[in-house]
Amino acid sequence: MPKRTDLRTILIIGAGPIVIGQACEFDYSGAQACKALRAEGFRVVLVNSNPATIMTDPDMADAVYIEPIHWRTVEKIITKEKPDALLPTMGGQTALNCALDLADHGVLEKYGVELIGAKREAIRMAEDRELFRVAMQEIGLECPKAEVAKSLERALEIQAKVGFPTIIRPSFTLGGTGGGIAYNRQEFEEIIKRGLELSPVHEVLVEESVLGWKEFEMEVVRDASDNCIIVCSIENLDPMGVHTGDSITVAPAQTLSDKEYQRLRDASIAVLRKIGVDTGGSNVQFGIDPQTGRVVVIEMNPRVSRSSALASKATGFPIAKIAAKLAVGYTLDELKNEITGGKTPASFEPSIDYVVTKIPRFAFEKFPQADARLTTQMKSVGEVMAMGRTFAESLQKAVRGLETGKVGLEPTGLDLSSEDDLVVLKRELKAPGAERLFYVADAFRAGFAVADVYALSYIDPWFLDQIEEIVAAEGRLVTDGLGSIDGARLRQLKRIGFSDARIAQLTGTNEVAVRTLRRVLKVKPVYKRVDSCAGEFATGTAYLYSTYEEECEAAPSDRRKIMILGGGPNRIGQGIEFDYCCVHAALALREDGFETIMVNCNPETVSTDYDTSDRLYFEPLTLEDVLEIVEVEHPVGVIVQYGGQTPLKLAKALEANGVPVIGTSPESIDLAEDRERFQRLVQQLGLRQPPNCTARTADEALVLAREIGYPLVVRPSYVLGGRAMEIVYSEADLARYVRDAVKVSNDSPVLLDRFLDNAVEVDVDIIADPEGQVLIGGVMEHIEEAGVHSGDSSCSLPPYSLSAATQDDLRRQVIRLAQALNVIGLMNTQFAIQSNDDGSDIVYLLEVNPRASRTVPFVSKATGVPLAKIAARCMTGKTLAEQSVTCEVVPAYYAVKEAIFPFAKLQGVDPILGPEMRSTGEVMGVGRSFAAAFARAQEAGDIRAPQPGRAFVSVRDPDKKRVLPVVLALVERGFGVVATAGTYAWLQQNGVACEVVNKVAEGRPHIVDLIKNGEIVYIINTTEGRAAIADSFSIRREALQHCVTYSTTIAGAKALVNSLEFRGTGPVWSLQELHKELQV
């Protein structure tokens, strides 16, 4: 049936900020849906609160709203834009929940908006655990034994029937939030209470354990005529009990017999028919008991998901694009498969002749207090995917793509001859953590048999055999040495995925020696195309991966090419913002007539969509892999400054190998990152830095620290995201840090800076062109004080409290720095501003990054100036004048960026902010005043507005004076105040009526008791020094558990309290309307 003609305007809801469980895969699906529907002539309206996405670019939809994804806000957009239909399946759990809210509150009916892609009943049946279970019984499919509970008492009754261990799954949450595995009653009660609190409908499923079973997923697409295809089968290497987002997964499934595969295929299609997913993609998860073959249905997602992004990238079949077209009436046989150049219809099931492995990326190093065991609640922050002709090849490529410093299945560091360490090894095999794969390899080194490892880990023996073979090959290499390797043996090693760097490690040589040998022996990779049909039809799409075979399918052109190196897997400190910049570079340079080549290995992103660039190499971002691609393609320029630290780390080595790195030179990048060289430059320019020094030994650090004075910010050199950075208040603190952190520094020195207390931090983004002209992109004033990592601080553009004179001073300093560093392209500079008693400001330069920064997308959305595109053109030789962009744009409205944190997912983590970055994503709010914009950003970040009740205040001495006006504003709004003794005395002295409450150490009833009893609605708590931070940890943690809004900085508290009156008020503006104001 052809497309519907009764629909004109379609509303798409995005997924909001990047959080654990919902990352940039929804930017990829949403961007695809926008493109597909506009190409069909529909008017598209988009709402998403995340400014770092490609889908919120003003040219992606006819009207783009960067607004909170809340049904009341979306209702305002519906009233204004009058859409005919709403497509809720492209924005993950967030969009589905919002669509259900709109339906339940009668909004869709009131405005005559039709849900397309998934009907309300289908969403309800798939997401409501009890309805789903009943539906499965009706079609003769089994689910694990389970019942739904809405209270702890009921949950305990069900638990008695299903026994321990028990799986707990809250309804309508994302990435298993609030769920877990309980092995005893105490754990069970804790997880149930948390799950009931975090489920929006306050219900949980209490389920029998299927731990250790094999887990499979089917990606299914169905159209309105009931045509169904399986796009891809996915097998989890980790057995049931680990969330599929945290599992290593492999496509296609490797250990299913044909009969079992057909059985799962039939079952998954039956599930879609029963649930009523009429059009679009869904993901169905199964568990199989390896002993009996019993099959159970675990769950299904009636929308595109993380797995469908993986399946799309693994097969080249664009699920989201096809799903969007099916939602408007097309059938699969009417749509063409673009990868085969339209030679096959979309109803032709993809088949692949290679193996794809996905490995998740974790961030436990950022959260040492978090429980690092993997369960049914997702904890990974990103993922990497690799392709190879064998499982071993794709596994080892994925390992080096993870960028955790490992170049293969390296030993974990256990002493395998020690009994104590073998106990640790067995525990690590049994209780999965982020590194289990490496412990499996260690088990084989320790002489374990496959059966022994299986008995502990329940990883299928087929996978274990492959890992054992890799370890055996390593052992032979260690014995024989590099000299014994001939061409045939080297080719065999490369075919099972060994990197040059790993071969060098095992043979005691270096990577250059191995590469030289490989060149002499003429062992080079070839590139194969992803074509969705296992080579049955020719493909014009250049979507490539490397392997060691005979025939190369790369067929490079002789056009002028620019290669863009992506950012690799998402992690804290390096996320979607960098992918956004890479995509913009590809789009701009393609428009300029260059052939664009993207190199990346992150399956979630828009950059790895095969039609973002002319040629896509799905490869790890290591020196070896990049050099091989350069050798085939011969680009005229390679861009390293857009993918964050990942490609920057390669800049010098690429240049040394004759690769044309364009933009700011690796020499200038090094000058900005090398502390001592940079300090000399700052002194030459007559700019001011906080007193600082560099220490190469622990003793030297303690001596120099006495000269600078405490408090200090200490960190290793060369880091991104503030890794291992800390504020220390005493010599004892510094001694402990130097003991622990010098390990991080790999013989590179420790940096000490005087910490500027109560300073305002400012970020400035600029572009410099080849002639040294500079365009100020934006000046952003941070809301949290200096000392909170810039990626974790909210910020406002334009600044809300800085004087015009200070802002002009910042602009002057930035221009001088850019010119002195010979920057071509983007540069980000951070300043701290301290006020003197006479009201004048002192400006301190904190750091300069001559690369894309994480604020680029936010600034671009706020000002309407596409910084990443303009800067990419500067790198290829165009001036700012030639691009007609020479004036800074300062909007008349305010835009506020707010950071989003993963604390709810990571039990036991202290949510206090500091110099180490811990946020996973961001949202943006726009308003006519700073307070209104801040209120909108808080709504978008789902930060509850405290309603009048009792506010708890406990602040460090230097903050007492500054907290007074905030407390007075709270009292004026009808809040009561409780405070700890010191703060209580200060408030009483200043005429504020309040009650005193015990600190936790002072006896009961104390403040945590009040929080647990629901008596506190808002918390202001600032601390300094390790002891005070540790003492007040339980306050912040309980606030998080009980969803009490809290502020850990005075500036944050002031902004929040002043914004309360603007919550839920004001009109909505599309980006197009806002940007039109700027052009006047």
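Cβ from N, Cα, C; glycine included.
Following the DSSP three-state reduction, the secondary structure of GLU299 (Mn(2+) 2 binding site) is strand. Look at Swiss-Prot and you will find ARG129, ARG169, GLY175, GLY176, GLU208, VAL210, GLU215, GLY241, VAL242, HIS243, GLN285, GLU299 tagged as ATP 1 binding site, backed by sequence analysis.
Sequence-distant neighbours of ASN301 (Mn(2+) 2 binding site) (same chain, six or more apart, CB under 8 Å from its CB) are ALA126, SER282, ASN283, SER307, listed in sequence order. Residues or ranges marked as Mn(2+) 2 binding site in Swiss-Prot: GLU299, ASN301.
The Mg(2+) 2 binding site annotation in Swiss-Prot covers GLU299, ASN301 and is backed by sequence analysis.
Taking Cβ-Cβ distances under 8 Å and a sequence gap of 6 or more within the same chain, the neighbours of GLN830 (Mg(2+) 3 binding site) are GLU761, VAL762, ASP763, VAL764, SER790, LEU845, LEU846, GLU847, VAL848. What Swiss-Prot lists as Mg(2+) 3 binding site is GLN830, GLU847, and the listing cites sequence analysis.
Cβ neighbour count for ASN849 (Mn(2+) 4 binding site) (all protein chains, 10 Å cutoff from its Cβ): 22. Positions annotated as Mn(2+) 4 binding site by Swiss-Prot, on the basis of sequence analysis: GLU847, ASN849.
Annotated Mg(2+) 4 binding site per Swiss-Prot: GLU847, ASN849, in sequence order, evidence recorded as sequence analysis. The secondary structure of GLU847 (Mg(2+) 3 binding site), as reduced to three states from DSSP, is extended strand.
If you look up Swiss-Prot, you'll see 679-876 marked as domain 'ATP-grasp 2', on the strength of sequence analysis.
Positions annotated as region 'Carboxyphosphate synthetic domain' by Swiss-Prot, on the basis of sequence analysis: 1-403.
For 404-554, the entry in Swiss-Prot reads region 'Oligomerization domain', with the evidence type sequence analysis.
Residues annotated as region 'Carbamoyl phosphate synthetic domain' in Swiss-Prot: 555-942. For the region 'Carbamoyl phosphate synthetic domain' (555-942), the mean pLDDT of the prediction comes to 92.
According to Swiss-Prot, the feature region 'Allosteric domain' maps to 943-1080, an assignment based on sequence analysis.
According to DSSP, GLN285 (ATP 1 binding site) is assigned to a strand segment. Whole-number maximum of the Cα to Cα distances across the ATP 1-binding residues ARG129, ARG169, GLY175, GLY176, GLU208, VAL210, GLU215, GLY241, VAL242, HIS243, GLN285, GLU299: 19 angstrom. Residue density at GLU208 (ATP 1 binding site): 17 other Cβ atoms are found within 10 A of its Cβ, drawing on all protein chains shown.
Note on the binding-site residues GLU299, GLU847: the fewest other CB atoms within 10 A surround the CB of GLU847.
Counting only same-chain residues at least 6 apart in sequence, those with a Cβ under 8 Å from the Cβ of GLU215 (ATP 1 binding site) are GLU235, ASN236, ASP238, PRO239, MET240, THR244, SER247, GLN285, PHE286, GLY287, ILE288, ILE298.
Reported as a whole number, the C-alpha separation between VAL242 (ATP 1 binding site) and GLU299 (Mn(2+) 2 binding site) equals 14 Å. GLU208 (ATP 1 binding site) is 52 Å away from ASN849 (Mn(2+) 4 binding site) when you measure Cα to Cα. Closest to GLU299 (Mn(2+) 2 binding site) by Cα-Cα distance, out of the binding-site residues ARG129, GLY175, GLU208, is ARG129.
For the region 'Allosteric domain' (943-1080), the number of residues in each DSSP class (helix H, G, I; strand E, B; coil) is 71 helix, 20 strand, 47 coil.
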